[in-house]
Amino acid sequence: MFNQSKQKPTMKLMWQAWLIYTALAAHLPEEQALRQACLSCDATQSCNCSFMGLDFIPPGLTGKITVLNLAHNRIKLIRTHDLQKAVNLRTLLLQSNQISSIDEDSFGSQGKLELLDLSNNSLAHLSPVWFGPLFSLQHLRIQGNSYSDLGESSPFSSLRNLSSLHLGNPQFSIIRQGNFEGIVFLNTLRIDGDNLSQYEPGSLKSIRKINHMIISIRRIDVFSAVIRDLLHSAIWLEVREIKLDIENEKLVQNSTLPLTIQKLTFTGASFTDKYISQIAVLLKEIRSLRELEAIDCVLEGKGAWDMTEIARSKQSSIETLSITNMTILDFYLFFDLEGIETQVGKLKRLSIASSKVFMVPCRLARYFSSLLYLDFHDNLLVNNRLGETICEDAWPSLQTLNLSKNSLKSLKQAARYISNLHKLINLDISENNFGEIPDMCEWPENLKYLNLSSTQIPKLTTCIPSTLEVLDVSANNLQDFGLQLPFLKELYLTKNHLKTLPEATDIPNLVAMSISRNKLNSFSKEEFESFKQMELLDASANNFICSCEFLSFIHHEAGIAQVLVGWPESYICDSPLTVRGAQVGSVQLSLMECHRSLLVSLICTLVFLFILILVVVGYKYHAVWYMRMTWAWLQAKRKPKRAPTKDICYDAFVSYSENDSNWVENIMVQQLEQACPPFRLCLHKRDFVPGKWIVDNIIDSIEKSHKTLFVLSEHFVQSEWCKYELDFSHFRLFDENNDVAILILLEPIQSQAIPKRFCKLRKIMNTKTYLEWPPDEEQQQMFWENLKAALKS
């Protein structure tokens, strides 16, 4: 019993230890997996752990990490130790998680943090303690949470270096005085306060300067209170998603000077005719206001504004008016803005884009006396109404005009109307459909910049003014560029069909040119250097033929990398196939590909030298003789076989030199042909067939003779025909393998005097007896007896 009772606690402890070990073992691989999956940082120590389904900040953070992206996970809590080791963190992205709680000293080690994004989480309150250690923080995003206020005091009091702040959410309802204490300057402040219901006056006055203030507030009373505070600190005020329904209340009432707001932007706002008039009057009260902008707004009216009230108010200080994508619900009932003429005299910049403008009345256009910049891009302007919009004396000071993306069809007609703008310098009429253009056009005399891109022009003509310094004809159907523009400094030819660079002599002062996305295959050193003033050349995205000449120029031209825009990654070889897709700057062609002519010349030279050496060697070693004899032998072999014995006509064929003919014909012939029985001799003088080729006569005579007599002398070895006879006899020795040759030494001669190529004859002379003509008459009888015996053998 005692032992059993003692074993129970022991077993219990073992089970507990096993469970703890199992839990740790299961948790350890999870942490290792998180380290491997998440903390894979790049060279700048930026770690991306977004969209990984993490429930907590992963362990393993080190002091090397500078950027940590934990966005779009399921993190609910930031604990004290989570970021303790990440002391060099500059950017921390925690947006779109489920964070509802942050320990007070969670950011205690992040003294170097510059950007913190806690947006779109579940924070129900903000604590100044969180941000206390973040004295280097410049950008803070806390919008999209669930807090209803910023607390009783300022949560940002310690953020002395804060530059941009974005706050607010659908539950955000109150801003109290003191909420922004500690912040003196902000580059950008954005408040999402669609449901903001209470604003304590003066709450934003603690911020002395805000470069860009963005607010979204629906309640007009709250909006008015906020605006009155911002008029003294904001430089650029942007109001989003508001529907103005002011009547007698003035936005600037109770405001004291000086007012600082210089730019006012309405984004997504709705206006009526009634409120347009009141806003125009109210804005005149803001004497610092220089720029008014409306983006994606809706006008619920017909343009029936109270011009009398507007005219009675102060003169407007606005110099720039920009309207983009304005929707007029009663567009076809809209008035012609009569009466507004007196309000536009000080405008310097006017932009009405994407708003269906089809005409400006001439009488109104003449009142824009100070206007320098006019932008009507993406509207409904047409040629037959352009004369009304740009009539004589209209827009008298205009220097820049943008009529791009309208419905203009005739360049000649458009140019004629535009010529009324005598001070015009810059003109953009791109994205109209002009097509063919005439040879002559009338332009303003001071025009320097012309944009004709995307206008379906197939060919440029002298319609283009010669005064231009900048010309853009990109995205047309141009095959070439042949205009003479002596003052041109910038030329844009992107997305055309040009195969070569333009002639530099036509545009001698060109500084920058873009000819990307054309059909340019290459350009030479001469073409490139002909542009003396060229500083920038964009020839990227062409199909380059990487020839040896082109590559040699590219690789050796000094400073070309500083001139070519997009070099080297945007310059790709299209051919030859072996280097297609490679960067032009990295391609090296082989010696054979680059110096083919030189290599062929070298090969030809080597072949010539080889043949020359063969000729010299052949001459020295009688190669010509071997070839001629081989040919003759082959010719002889093609004839019928040697005649049988009954066809032998001669006992001997006599081969001798003409200089030895006296001895042969007067002595040897008499001795042999008058012997008993007589010998039949074949002599070339007597027995050769007339008209027959000499070589054939020699071959036939040798083959029809039983023996061949060679009368050797100094004259013999010098005779060409004697050599032929020796040659064929030499072949006969090989063919029949018998001794058919009889050598007679008419005078003493060394065996070495016989050419070395006649190895068989030399062998006969060296190994067998030959007959030598004796000068002694007593021995001559013995000579004849021996010769006759040799012939009979």
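Any Cβ shown, glycine's included, is placed from N, Cα and C.
Features of the protein shown, as given by Swiss-Prot:
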DISULFID  C41-C47  disulfide bond
DISULFID  C362-C391  disulfide bond
DISULFID  C441-C463  disulfide bond
DOMAIN    542-596  domain 'LRRCT'
DOMAIN    648-791  domain 'TIR'
CARBOHYD  N48  N-linked glycosylation site
CARBOHYD  N120  N-linked glycosylation site
CARBOHYD  N161  N-linked glycosylation site
CARBOHYD  N195  N-linked glycosylation site
CARBOHYD  N254  N-linked glycosylation site
CARBOHYD  N325  N-linked glycosylation site
CARBOHYD  N402  N-linked glycosylation site
CARBOHYD  N451  N-linked glycosylation site
REPEAT    64-85  repeat 'LRR 1'
REPEAT    112-133  repeat 'LRR 3'
REPEAT    136-157  repeat 'LRR 4'
REPEAT    161-182  repeat 'LRR 5'
REPEAT    185-206  repeat 'LRR 6'
REPEAT    370-391  repeat 'LRR 7'
REPEAT    397-418  repeat 'LRR 8'
REPEAT    423-444  repeat 'LRR 9'
REPEAT    446-467  repeat 'LRR 10'
REPEAT    468-486  repeat 'LRR 11'
REPEAT    487-508  repeat 'LRR 12'
REPEAT    509-530  repeat 'LRR 13'
TOPO_DOM  26-597  topological domain 'Extracellular'
TOPO_DOM  619-793  topological domain 'Cytoplasmic'
TRANSMEM  598-618  transmembrane segment
Integer Å distance between the CA atoms belonging to N402 (N-linked glycosylation site) and C391 (disulfide bond): 16
The repeat 'LRR 3' (112-133) - residue tally per DSSP class, helix then strand then coil: 4 helix, 3 strand, 15 coil
Positions whose Cβ lies under 8 angstroms from the repeat 'LRR 1' (64-85), at least six residues beyond its ends: 39, 41, 44-57, 91-103, 105-110, 117, 122
C463 (disulfide bond) and C362 (disulfide bond), Cα-Cα, nearest whole angstrom: 27
Nearest of the glycosylation sites (N48, N120, N161, N195, N402) to C463 (disulfide bond), judged by Cα-Cα distance: N402
Other parts of the chain folded back onto the repeat 'LRR 9' (423-444), taken as Cβ under 8 Å at six or more residues beyond its ends: 377, 396-412, 414-416, 450-465, 467, 472
Listed glycosylation sites (N161, N451), ranked by Cβ neighbours within 10 Å, top entry: N451
Euclidean distance between Cα atoms of N195 (N-linked glycosylation site) and N120 (N-linked glycosylation site), Å: 17
List of residues, in chain order, with Cβ under 8 A from that of N48 (N-linked glycosylation site) and at least 6 apart: S40, N69
Long-range neighbours of the repeat 'LRR 6' (185-206), counting only residues six or more past its ends (CB under 8 A): 143-144, 162-179, 212-219, 222, 225-226, 228-230, 232-233, 241
Beyond the flanks of the repeat 'LRR 12' (487-508) by 6 or more, those residues with Cβ under 8 Å of it: 453, 466-481, 514-521, 523, 527-528, 530-533, 538
Residue from N195, C441, N451 whose C-alpha is spatially nearest that of N161 (N-linked glycosylation site), among the recorded positions: N195
Of the recorded positions listed as C47, N195, N402, C441, the one whose CA lies nearest the CA of N325 (N-linked glycosylation site): N402
The repeat 'LRR 11' (468-486) - residue tally per DSSP class, helix then strand then coil: 0 helix, 3 strand, 16 coil
Pairwise CA distance, C47 (disulfide bond) versus N195 (N-linked glycosylation site), rounded so that it is a whole Å: 37
Between N195 (N-linked glycosylation site) and N402 (N-linked glycosylation site), the C-alpha gap once rounded to whole angstrom: 41
Distance from C41 (disulfide bond) back to N402 (N-linked glycosylation site), taken between C-alpha atoms, in Å: 47
